[in-house]
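Engineer: One structure, pasted below without further comment.
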Amino acid sequence: MALVKSGIKRSGTDVSGVLLAASQALIIRAQIVETLGRPISASLSISMEPGSSSCPRGDGNPRESSPFINNADDDKGTLYDGKNMALFEEEMDSNPMVSSLLNKLANYTNLTQGVREHEEADEDEGAKKQTVKSPQMGTFIGVYLPCLQNILGVILFLRMTWIVGTAGILESFIIVSMCCSCTMLTAISMSAIATNGVVPAGGSYYMISRSLGPEFGGAVGLCFYLGTTFAGAMYILGTIEILLTYIVPSAAIFKAEEKAQEADALLNNMRVYGTCCLTLMALVVFVGVKYVNKLALVFLACVVLSILAIYAGVIKTIFEPPIFPVCLLGNRTLQNHGFDKCMKTEIIDNVTVTTKLWSLFCKGPELNASCNEYFTLNNVTEIQGIPGLTSGVISENMWGSYGPAGMLVEKAMPSVPASDASQDKHMPYVVNDITAFFTLLVGIYFPSVTGIMAGSNRSGDLRDAQRSIPIGTILAIATTTIIYLSCVVMFGACIEGVLLRDKFGDSVKGNLVIGTLSWPSPWVIVIGSFFSCCGAGLQSLTGAPRLLQAIARDGIVPFLEVFGHGKANGEPTWALLLTAVICESGILIASLDAVAPILSMFFLMCYLFVNLACALQTLLRTPNWRPRFKYYHWTLSFLGMSLCLALMFISSWYYALVAMLIAGCIYKYIEYRGAEKEWGDGIRGLSLNAARYALIRLEEAPPHTKNWRPQLLVLLNLDSELSVKHPRLLSFTTQLKAGKGLTIVGSVLEGTFLSRESDAKRAEQSIKSAMASEKTKGFCHVVVSSNLRDGFSHLIQSAGLGGMKHNSVLMAWPTNWKQSSDPQSWKNFIETIRETTAAHQALLVAKNVDSFPHQERLAEGTIDVWWIVHDGGLLMLLPFLLQQHKVWRKCKMRIFTVAQLDDNSIQMKKDLQMFLYHLRLNAEVEVVEMHDSDISAFTYEKTLVMEQRSQMLKQMQLSRTEREREAQLIHDRNTASHAALNDKADVSPERVHMTWTKDKFCTERNRNRDHSANMAVRDLFSMKPEWESLNQSNVRCMHTAIKLNEVVANKSQGAHLVLLNMPGPPKNRGGDENYMEFLEVLMEGLNRVLLVRGGGREVITIYS
């Protein structure tokens, strides 16, 4: 080996002689390397001692700066000394090792700011947000029961019987089915959104605003807030109605002198008592909200017991119907307040005397007194208010009985009409208090199916929100739907029609109608419904201020920012005050039937936008849209949206218009004031796809992580005939893009535009025809430049327009770079890498791209991802996008990551599985241990060959022809000797493997002076001084490439596609050729490889 030394350290020696000697030396080196083999087959492993790292650096020059180490910090070279990841060490600051980052990624409450870029944390709250209690609530307690409590409530107890009596069983069934279908479809859409990432505390408002953007989010969030606030007013009015009508009627402050004044007196009582109740509840919420949460289970128990009492009562009517007589005069129902016996006269001691009923219709108790004409003409009859389940009353209650306010509640039986009906309004008849019609009943009933978001509002407290929210919410809606539908049938089958239409139970001595059916006592329902309404009112007054506080803290509505502040413990004091004021406006309306349609509007608008968000995300197919809940479809969301809109106009067309006007004003206000928030909303994604009218808007800010998809610039090479060299690159683009987003296919011609204008047009046509045959949708761009490097640089800088610019570059690996007569080809490749990095664009490099699939579907196999360093998550996103295409659909994703000596590989695997779960990605996970950091003799020799070849090409300044011949000669000899080694490997099982220290080295060196020692090993020892002169960073980078290649080839040999992190090029351009060699070694023996380099930003998120 003295020839090489004399050649490198030459002084005045003949150049051709040195060239010949150097070539022979390189061939011998290559043979020795291949004879020794890699450490995995038959190798000699050598580890430099800690003290031996002071070897000189540079390509044979001790003072030359290292191409892979930052020279500003001399200790940095030793930081990764002996490690397996030296190839990636130069970019460790920006792209950390996966093993060091996995724990933070899996534990989403402690993510790096880059991952949670869409949620800006206030500095003063930073400490609070770090200490997150481990959520422990499961599906049943955390979602199912809260939803059940919020859905079942005041309307069921106070208005359900009246709705069934007025609309009839069939139409009531339609009303219930429509409303429950609306909420079920909304729940399906909500489940998809809620499982599309982590939904932090904030629930429904968070989901809507982050899916539809700040303008829609603010508008719908405020509508949802107003709906929740008016719901509080409705529950308080229900509480007061139960109190004054059924528990203590004597507590009324305003009393009616005449029957006509009864309605006004009731409303005034509701206003006074409602205001007092609201004040008391607001004080309770202000003083101790924790007590409200503790009492929630008590209130829920009241609801459940009340419903069980109803079912028990229905069953009891089969054997023994309860005694609740209803008194009829002719066919008219009488209010049973002023009399105790349903008869005109009675015989006492053989004397006929008049009853109290007589006195109500006649001017005196005498038998000859002047009486009401209708009273005189018709008899009094008494019927059972609860005839029972087997009585057949269901057929009478099948059809509706609508009518205007003041209409008498009459039974379908013969009667004698009176000629003068003017006095009827002063008589004690049961009458309609409001005009009843189908659409009004829809508006009144709909609040009884709201409350489906109670589970998602508690998302921050759930152990596994992505699993619990869909299951709990859908089960709760299914349960309540069954309860409501069965109640419609049971009420219609058990209760007399005139009693059903008696809203306040006047015909049964002021009893709650649904209470007459219950067992063991009507008081079970009365007390249960009272506490249920109290609890629901407290929950609304607790939830609404927090919702307003969340909107205010987001800062999207400037004039609301004051409501973001609260007490020292975070309780929203100012928001509670505003909520109480708005709630008071609902109480001043005083009528439950008037308030219910108002909150129906706001809730329906909220549900409409939930469905819109899901449909929009599904149709856009944004890469971040990966819900774990799979049972959704855009048609279901669109149907739910249409149903919400229809119900809004069915309930009250003018309320619907007012609600839309309010939402529209808020939307335009937020837009006018400039919502400087970016949450990755679907509207922005729609703008991206409909770029004809949204280019300016897209240019305002970069797309959010959730909207990020690879917008590709495909760099093509053309042959001398201007045909595309690698058409499969276009096929791969089609499979990756699936027609979504932006694709720009670019190429460069050398020369001037004036001289090659016609060639440029021909090249463009050639590329367009190739794009058509490969079904690639996009734009074509051919640039004529003085040289290829400048041309590609111009494309990277200037392709696209405004917001429609590429963020990723796709190109083919220069396969024959070693044999190329012009080194400019691989230098252009490396410069392209540097320029994409400088432009913060991602880079995809496909090796063996001609072997990539065309349109044929691949059989079952795997896409293997080797995640070494974290550079934005693009490695995770690409397989998911490929799996959306039919070609790759059957392929499963496998993710490998590397554990070092001091890593806990078991914990790494758990963390990686958790991270993938939050990302909604289905993939097998494997952690590969690379503990052996010993640098083998093979590595040293491979590095030596590489450096000496590089030195000769630099120092001898060979002509192109000689360089090509020399490189080809070495390549051929290497191939031949490697094949010979494989043949011998099967025969000779001997393996030599040892770790070197100075003592071992000296002992082994002396022992191998024996003639029987292996000749190659003896030569190897004689070259030890030359190893010490090697650039140690090159040795370690080569070691990284070899070790990683061994592991990847071992695990992923049969994979359909292998994705690898692409190491960055050296900062010192003197190491460019070495860098190409490292990449070549890294991919050796693999068929289809995609090298991936992130653009320096997060492209995948766990958040919704």
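Cβ atoms here come from the backbone N, Cα and C positions, even for glycine.
As listed in TrEMBL for this protein:
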type	residues	note
COMPBIAS	44-55	compositional bias 'Polar residues'
DOMAIN	143-320	domain 'Amino acid permease/ SLC12A'
DOMAIN	430-713	domain 'Amino acid permease/ SLC12A'
DOMAIN	727-845	domain 'SLC12A transporter C-terminal'
DOMAIN	855-1104	domain 'SLC12A transporter C-terminal'
TRANSMEM	138-160	transmembrane segment
TRANSMEM	172-195	transmembrane segment
TRANSMEM	216-237	transmembrane segment
TRANSMEM	272-289	transmembrane segment
TRANSMEM	296-319	transmembrane segment
TRANSMEM	434-454	transmembrane segment
TRANSMEM	474-500	transmembrane segment
TRANSMEM	520-538	transmembrane segment
TRANSMEM	574-592	transmembrane segment
TRANSMEM	598-619	transmembrane segment
TRANSMEM	631-648	transmembrane segment
Engineer: With a Cβ cut-off under 8 Å, give me the same-chain residues at least six positions beyond the ends of the transmembrane segment (216-237) that come close to it.
Structural biologist: 153-154, 204-205, 208-210, 270, 274, 277-278, 281, 447, 450, 533-534, 536-537, 540-541, 543-544, 547-548, 550-551, 554, 556-557, 579, 582-587, 589-592, 595-596, 598-599, 601-603, 605-606, 609, 659, 662-664, 666-667, 670, 675, 679, 681, 683
Engineer: Spell out yes or no: are there three or more C-beta pairs under 8 angstroms between the transmembrane segment (574-592) and the transmembrane segment (434-454), with each pair 6 or more apart in sequence?
Structural biologist: no
Engineer: Quick test of the contact rule: Cβ under 8 Å, at least six residues beyond the ends. What residues does that give for the transmembrane segment (434-454)?
Structural biologist: 143, 146-147, 149-156, 159-160, 163, 166-167, 171-172, 175-176, 178-180, 182-183, 186-187, 190, 203-204, 227, 231, 234, 400, 402-405, 473, 476-477, 480, 484, 593, 596-597, 599-600, 603-604, 647, 650-652, 655
Engineer: State the non-local partners of the transmembrane segment (296-319) in its own chain: residues 6+ outside its ends, Cβ under 8 Å from one of its Cβ atoms.
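Structural biologist: Result: 145-146, 148-149, 152-153, 157, 386-390, 483, 487, 490, 494, 514, 517-520, 524-525, 527-529, 531-532, 534-536, 539.
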Engineer: So, does the transmembrane segment (272-289) come close enough to the transmembrane segment (631-648) to give 3+ Cβ pairs below 8 Å, pairs being at least 6 apart in sequence?
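Structural biologist: Contact between the transmembrane segment (631-648) and the transmembrane segment (272-289): absent.
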Engineer: Restricting to CB pairs under 8 Å, which listed stretch, 172-195, 272-289, 520-538, is in contact most with the transmembrane segment (138-160)?
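Structural biologist: Maximum Cβ contact count belongs to 520-538.
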Engineer: By a Cβ-Cβ criterion of under 8 Å, what residues six or more beyond either terminus of the transmembrane segment (172-195) are in contact with it?
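Structural biologist: Residues packing against the transmembrane segment (172-195) from afar: 163-164, 204, 207, 211, 438, 441-442, 445-446, 448-450, 452-453, 456, 459, 465-466, 469-470, 473-474, 477-478, 480-481, 484-485, 488-489, 492, 604, 607, 610-611, 613-615, 617-618, 627-629, 631-632, 636-637, 639-640, 643-644, 647, 920, 1104.
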Engineer: Of the residues in the domain 'SLC12A transporter C-terminal' (727-845), how many are helix, strand and coil by DSSP?
Structural biologist: 53 helix, 26 strand, 40 coil
